[in-house]
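Below is one structure, written out as structure tokens; comments come after it.
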């Protein structure tokens, strides 16, 4: 997947169009923006790239089609929480794929086109560049994942057979508030995986190696960490009492545990404790911030 319209035009990434580096004299010298301004301009560049690259729109449309099909043919008539249960497993697979697609080329493409070298001549620090790329891509990813989920919620509101109850005030109550919570958790999971994808992109030396690393990263996220948790639990390396906290090590398990603990169990009022919400949220935050830190260090090297 390529970003065809993303050329060395980080115009204003440091207040000056980098195309001037090719030898064209600037028409006028303007005052360089502050840190937030520089980050904002990188964000704008990323958003323009996403809008112009059809692959991202195709991914969002495909995700919409899959989720709506599951909803309409599945539990939409049963309400929001049954729909959440139906969507958990597909989202565990599809969200990481979409998030990695949004991020695995983001940094390595800049490096291959020489933009990182050009940016060194302007007042754009590595952390400003990484934050700008991350925020811009995250905004696009939120739209790509959030819009399909909102459409699914609308289909449930239209097809559900029971009368709507807005608030889940007692066990067994189905509520759009619970579904909204699920959407927020799915988006948090998506932007966490995006941060991992940026780290992979920064460590890759070429597009092909970035793709290979992205595939390996997906396997580790989708299978490897969960298998490690199962192995640790089966061999009593992880005690029974620590399991609800240990699953926070895996972003996928943290997301799954949060959904069951804060959405499904809240609605049903029954079932064993599946996760520690605080530990799981902390796990997602650590993966996000840690991956961004790795990305910054990789660019600085």
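Quick reminder: no glycine exception, Cβ is built from N, Cα and C everywhere.
Heads up, TrEMBL stuff is auto-annotated, nobody curated it.
Note that the coordinates shown come from a computational prediction; the quantities given were computed from them, not determined experimentally.
The feature region 'Disordered' is assigned by TrEMBL to 1-29.
Taken from TrEMBL, the feature transmembrane segment covers 55-81 (among others).
What TrEMBL lists as transmembrane segment is 87-107 (among others).
For the transmembrane segment (138-159), same-chain residues at least 6 beyond its ends with a Cβ under 8 Å from one of its own Cβ atoms are 43, 46-47, 50, 56, 59-60, 63-64, 67-68, 71-72, 76-77, 79-80, 83, 87, 95, 98-99, 102, 176, 179-180, 182-183, 186-187, 190-191, 194. Positions annotated as transmembrane segment by TrEMBL: 138-159 (among others).
What TrEMBL lists as transmembrane segment is 179-200 (among others). With a cut-off of 8 Å between Cβ atoms, the residues of this chain six or more beyond the transmembrane segment (179-200) that come close are 80-81, 83-84, 87, 91, 95-96, 98-100, 102-104, 106-107, 130, 133-134, 137-138, 141-142, 145-146, 149-150, 153, 156, 210, 213-214, 217, 221, 251-252, 254-255, 258-259, 262-263, 281, 284, 287-289, 291-292, 294-295, 298.
Taken from TrEMBL, the feature transmembrane segment applies to 212-234 (among others). Long-range neighbours of the transmembrane segment (212-234) within the same chain, counting only residues 6 or more positions beyond its ends whose Cβ lies under 8 Å from a Cβ of the stretch, are 92-93, 96-97, 100, 104, 193, 196-197, 200-201, 203-204, 240, 243, 246-247, 249-253.
Here TrEMBL flags 278-299 (among others) as transmembrane segment. Proximity of distant same-chain residues to the transmembrane segment (278-299), defined by a Cβ-Cβ separation under 8 Å and at least 6 residues beyond the stretch ends, is recorded for 107, 116, 126-127, 129-131, 134, 188-189, 191-192, 195-196, 198-199, 201-203, 244-245, 247-251, 254-255, 257-258, 261.
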